[in-house]
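Taken from TrEMBL, the feature transmembrane segment covers 35-58, 187-208, 215-235, 267-288, 314-338, 414-434, 455-477, 517-536, 556-576, 596-629.
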Amino acid sequence: MGGKQQDKDDEAYGKPVKYDPSFRGPIKNRSCTDVICCILFLLFILGYIVVGIVAWLYGDPRQVLYPRNSTGAYCGMGENKDKPYLLYFNIFSCILSTNIISVAENGLQCPTPQMVITSLQQELCPSFLLPSAPALGRCFPWTNVTLPALPGITNDTTIAQGISGLIDSLSARDISVKIFEDFAQSWYWILVALGVALVLSLLFILLLRLVAGPLVLVLILGVLGVLAYGIYYCWEEYRVLRDKGASISQLGFTTNLSAYRSVQETWLAALIVLAVLEAILLLVLIFLRQRIRIAIALLKEASKAVGQMMSTMFYPLVTFVLLLICIAYWAMTALYLATSGQPQYVLWASNISSPGCEKLPINTSCDPMAQPVNSSCPGLMCVFQGYSSKGLVQRSLFNLQIYGVLGLFWTLNWVLALGQCVLAGAFASFYWAFHKPQDIPTFPLISAFIRTLRYHTGSLAFGALILTLVQIARVILEYIDHKLRGVQNPVARCIMCCFKCCLWCLEKFIKFLNRNAYIMIAIYGKNFCVSAKNAFTLLMRNIVRVVVLDKVTDLLLFFGKLLVVGGVGVLSFFFFSGRIQGLGRDFKSPHLNYYWLPIMTSILGAYVIASGFFSVFGMCVDTLFLCFLEDLERNDGSLDRPYYMSKSLLKILGKKNEAPPDNKKRKK
């Protein structure tokens, strides 16, 4: 019966890996994989470059970077290089008008003549002037100015509020200056804080070989203690409310969730849940203690591997630079595409009901360099309206933007996949070195990088494309949910939430599968589908070990991030807030306008650094774990098939390698 069950398991999750006498770690003699997908990816990148060139040729991002006057001339550029500010003849048209063109598309355009500030010796001048201040290259009146008496405008409060609103929404000059001053005063101390985060992250990983066991034990006992305290607290609250007779039957149904804290059933349910979690954790410790010891031993091995290949800890810098290039290219391409088109000008009059203006073709196209078509209409002029949507590029603008978004997701996921596969190749060479460190290849990280780019660009693109399609589906679903949120009924909301949850779970599963597939690609050099299948079946044959190692690693890395980020945050708070005294003149905290700004910057930077270091360590643990599972299935400890795992793992498993005779040496 047991043999039949084992056969069924083998059929469901594949058979154990067979011994291969020629296998000595990551295979060097390999061929290109997923060539078709590689060609498609390269063609897509070529098309992405063409889109960028087209956007650069037809786009004009100056319209969102510089203000324009009524003739479409840019302030602060060309002939107007020394005239950077835009003046509105009648700022109240901006405040009271309901037809303001989108700032994002065409810049701030108001239905009033606009001009580059020069002298007021010309005939065309504003009817009144107000003391103003520049904001985003435009002149806006002060909020405390005495307003003149203007025809047709009687509500000074509305005008003042409108001016204040414009300044509040468009001008952040004072705050920006203060922020810049704070960064100028504290940038070197922020770098010191980031250096502390780097050192703490590195020390934490390197010291795991010594303290992994006690640290995991302390963390598990801490979780048990927190759950025990939660059980005690829930019992006390339940006992008090039970004595008072507070029951849910008295409260009834209410949408005020905080009201349920005052009924005994809430605390009883919480007590039961915490007690169940406590019992499950205790049972796990009792029955899975052997697997927890294996997980701890693998964590120690990962720490040793990182110590032997310190260059891997700084590979996230390469990934960061590549990600930054991808994001910057997409942002510039999208900006240029959004600003493509020829400028359009239309006739406009401040009061179309005035005599001489009734029959004029208002809002029709015109030439800003020509004379007004009818001087009998007061205030008639040719003003800039926007950019045309005609032309091949403009008609295809939406499709090109979609192409750019797809390119952004695909390239970002490919860069992340490249980093995972490169690190996996380096750490796999560490595990399959029989005599460490003598058998570890020279420059394993560079070798893995070159090998991955040369042979497996297509496989990485395949996995990245699958993940990209799921992520874009999630984005589309979020967009639909946002647009229809106000008109949906509860049933539709529930269905939408179910779809979003399913796609989220699918994305998590694909990330997990891709990660392990890249490890198998780095080791064996097979295509994506075969590698994903082999990795999945190998993990399913050892599912309990997978769960235990995953949770122990997550707990340990969470504590590590908490230690690094919390430590840097506390030190930054005490330093920048001036609470640390007696450090001397050279170490005195700077005088800041917003002391929380460098604190938050230091905390964010510490989190990014810790995440980068611990992502490398997590990849190391996953790689060594798959190698460990293959080692168990491939070898048996004999002279011909010795285990490659460490002595601590052999001791935990109760296994050992057969010692060779004195006159024989193992040939590698």
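Glycine is no exception: its Cβ is also placed from the backbone N, Cα and C atoms.
Where the annotation comes from TrEMBL, it is an automatic prediction and has not been curated.
Here the listed stretches are 35-58, 414-434, 556-576, and the one with the most C-beta pairs under 8 angstroms to the transmembrane segment (455-477) is 35-58. Here the transmembrane segment (35-58) has Cβ contacts under 8 Å with residues 329, 332-334, 336-337, 340-341, 391, 393, 400, 403-404, 407, 410-411, 414, 457-459, 461-462, 465, 528 of the same chain, all six or more residues outside its ends. By the Cβ criterion (distance under 8 Å, sequence gap of 6 or more), the transmembrane segment (314-338) is not counted as touching the transmembrane segment (187-208), fewer than 3 such pairs being found. Most Cβ pairs under 8 A with the transmembrane segment (187-208) among the ranges 414-434, 517-536, 556-576, 596-629 are made by 596-629. Beyond the ends of the transmembrane segment (556-576), by six or more residues, the same chain brings 186, 189, 193, 196-197, 200-201, 204-205, 208, 212, 215-216, 219, 299, 589-590, 592, 595-596, 598-599, 602-603, 606-607, 609-611, 614, 617-618 to within a C-beta distance below 8 angstroms of the stretch. Only residues 6 or more beyond the boundaries of the transmembrane segment (517-536), in the same chain, are considered here, and those with a CB under 8 A from a CB of the stretch are 14, 25-27, 30-31, 33-34, 37, 417, 420-422, 424-425, 428, 448, 452, 455-456, 459-460, 462-463, 622-623, 626-627. Long-range contacts of the transmembrane segment (414-434) within its own chain (CB-CB distance under 8 A, at least 6 residues past either end) are made by residues 23-26, 41, 301-302, 305, 308-309, 312, 315-316, 318-319, 322-323, 326, 440-441, 444-445, 447-449, 451-453, 456, 460-461, 463-464, 514-515, 518-519, 521-523, 616, 619-620, 622-624, 627-628, 631, 642, 644-645, 666, 668.
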